[in-house]
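Quick notes on the structure that follows.
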């Protein structure tokens, strides 16, 4: 006589056995404590976050007085509310930096968008990919971002920001007052460290910082300051493995010879764009446009066109670049490219 065995069905649970809840991807994310991404109600302190400690999160700074605040990392957005007499450094911000109801603050920061509302007496060394905007604010002063530490270049990439897209001086005032100017540019000889000093506390000694212009991750440009000369030169570099390095090398050479860097831009171009900007020379560059965005540089100074040609032919022989052909048409080259760039930004 045989024995009869029955298997327990999978749907049946052994006595005392509890069904485990399902785990979803959003349940497995690392829990974020908002307190780790906030400085609030501080007074007379030096605080900050080291590289890797913010890692693209949002950050809030509020109700701080007489504080030195350093965020040595990239973030999503940062709001600064109700702060007085503070020194603030912000690494690259993917979205917006928004100051509200702050006064007597000195800052160095990089972001996609910069907004100031209900503030007075801010001094800002800025890298901003879009037009900085102020509203209901007075005595706001701007200079070009000028800062270096080893992790900063990678943080710009993580934040999706180009070091060449910086219109720091193209400020728009939403609430202008007739006969008054609510914003201005910092003195040309302003020393960044006099405004935003390198932190000397033990926590930040490991961050190898420099505020020298020739080491700044973001090229230091004149922006809308008056040009020294009537002669400018446009140089456009096309995408390859060394485009950024070549642009930096060319800037170093030209600035080292006494020329000024007025403005920079990194953006994609189509065939019709190249034909409009480069005109009869466009056919020389059409195949290069598919490789990636171009980098444009405007240099200013007497004999800028001649010197650009000498440097490009001597240092970058074999690398295709557009360089203004002669000084009589160089200003037209600059206008054609940057007018095109402004139109693209408005689309």
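Each residue's number is its place along the chain shown, starting with 1.
Every residue, even glycine, has its Cβ placed from backbone N, Cα and C.
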Q. For the record in Swiss-Prot, which of the ranges 1-22, 23-44 is the region 'Disordered' one?
A. 1-22
Q. Just how spread out is the GTP site if you go by the largest Cα to Cα distance in Å among 95, 96, 112, 113, 114, 115?
A. 11
Q. For residue 114 (GTP binding site), what residues in its own chain, 6 or more apart in sequence, show a Cβ-Cβ distance under 8 Å?
A. 96, 97, 124, 126, 128, 130, 132, 133
Q. Within 8 Å of the centroid of the Cβ atoms of 95, 96, 112, 113, 114, 115, which other residues of that chain place their own Cβ, given that this set defines the recorded GTP site?
A. 77, 93, 97, 98, 111, 128, 130
